[in-house]
Amino acid sequence: MVKNIGVLTSGGDAPGMNAAVRAVVRTALHYDVGVYGIYNGYLGLYRNEIQPMTRRSVADTINRGGTFLGSARFPEFKEEAVREEAIKNLRKHEIDALVVVGGDGSYMGAKKLTEMGFPCIGLPGTIDNDVAGTDYTIGYFTALNTVLDALDRLRDTSSSHKRISVVEIMGRHCGDLTVWSAIGSGAEYAIVPEMPFDEDKFLEQLRDQVGHGKNHAIVCITEKITDVNRLAKRIEQETGLETRATVLGHIQRGGAPTAFDRILASRMGAYAVELLRQGYGGRCVGIQANELVHHDIIDALENMSRPFKDCLLDLAHRLA
């Protein structure tokens with residue numbers, strides 16, 4: 001039976017991480033299991049930045065964005081000697097299991113610890129919604145609302161000035177945030193990494209629409225596909241309409257989590273503790289068809305893929 005649990009947040013912050021940590025802490029304490037907060041992710045684990053948590057430690061955190069535990073990039077965690085030091089620090093505090101909240105990079109750290117014999121549970125915390133084994137990640141819907149708000153505002157000014165707006169949206173290699181926000185905002189175009197981007201064909205379609213009287217548009221595009229400032233200049237040259245590029249950037253990560261993210265994170269955090277009490281380790285939690293599930297974390301990273309819903313992209317284009 002697990003006696004003490006550690007919890008950390010890692011990678012890019014996501015709204016709802018605090019709610020997940022709160023659920024881990026209070027569920028563990030409910031079962032008289034000790035719980036320790038690890039500050040600044042895997043870097044803090046390596047540096048022994050570990051403190052005991054009480055119910056009061058997580059009071060008034062469920063509504064806060066970001067992560068009060070902090071996060072940090074720490075690529076050195078790939079080194080076995082670094083992980084051995086991390087496990088040594090966990091043992092010093094008599095912690096015998098770890099809950100990690102983060103994306104697939106954070107899962108990789110949990111996988112490595114699992115392979116070294118230290119039980120871990122991963123919770124999907126990222127606005128990108130790109131983690132295998134779950135329909136939705138903690139923070140995704142809050143980020144979606146943030147993007148929608150920005151697109152609505154850009155629509156106002158674009159229509160007023162007869163302007164095209166090219167909007168770069170986060171997501172890394174996943175186009176979910178782009179597609180869902182395009183549908184929700186009525187954007188004319190959604191360009192995602194899952195589908196090849198034919199720039200010339202896209203410009204031809206845009207020229208045709210402008211030729212038929214279109215005088216403003218919103219173009220949503222996932223980051224890293226192309227230079228949006230260059231694309232905006234080319235659109236302006238090809239269509240004759242003033243075109244501006246907007247990179248939403250890190251504003252997408254901030255803000256108070258939505259009700260959905262608070263509840264999802266709370267369910268997942270509590271479920272992680274239940275799994276550890278049942279003797280599970282090396283698992284990652286997900287939600288599928290609104291039911292909590294868990295998968296082998298190694299299998300999730302190495303063999304599971306997250307299918308892209310082409311039908312949603314088709315819908316975005318049909319409704320544009």
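Using N, Cα and C of the backbone, Cβ positions are placed for all residues, glycine too.
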Task: Name the one residue among Arg153, Arg155, Arg244, Arg253 that Swiss-Prot lists for the same ADP site as Arg22, Ala23, Val24, Val25, Arg26, Gly186, Ala187, Glu188, Lys214, Asn215, His216.
output: Arg155
- line: Out of Gly12, Gly16, Gly34, Gly37, Swiss-Prot lists as part of the ATP site with Arg73, Phe74, Gly103, Asp104, Gly105, Ser106 the residue Gly12
Field: Which of Arg163, Arg262 belongs with Thr126, Ile127, Asp128, Met170, Gly171, Arg172, Glu223, Arg244, His250, Ile251, Gln252, Arg253 in the substrate site listed by Swiss-Prot
entry: Arg163
- request: Tell me the Cβ neighbour count for Ser106 (ATP binding site), meaning other Cβ atoms within 10 Å of its Cβ, over all protein chains shown.
  value: 26
- prompt: Widest Cα span across the ATP binders Gly12, Arg73, Phe74, Gly103, Asp104, Gly105, Ser106, in Å?
  reply: 14
- line: binding-site residues Gly12, Arg73, Phe74, Gly103 vs Val24 (ADP binding site), shortest C-alpha separation belongs to Gly103
Message: Among all protein chains shown, how many Cβ atoms are found within 10 Å of the Cβ of Val24 (ADP binding site), not counting that one?
response: 31
Message: Of the recorded positions Arg22, Arg26, Asp128, Gly186, Glu188, which one has its Cα closest to the Cα of Gly12 (ATP binding site)?
response: Asp128
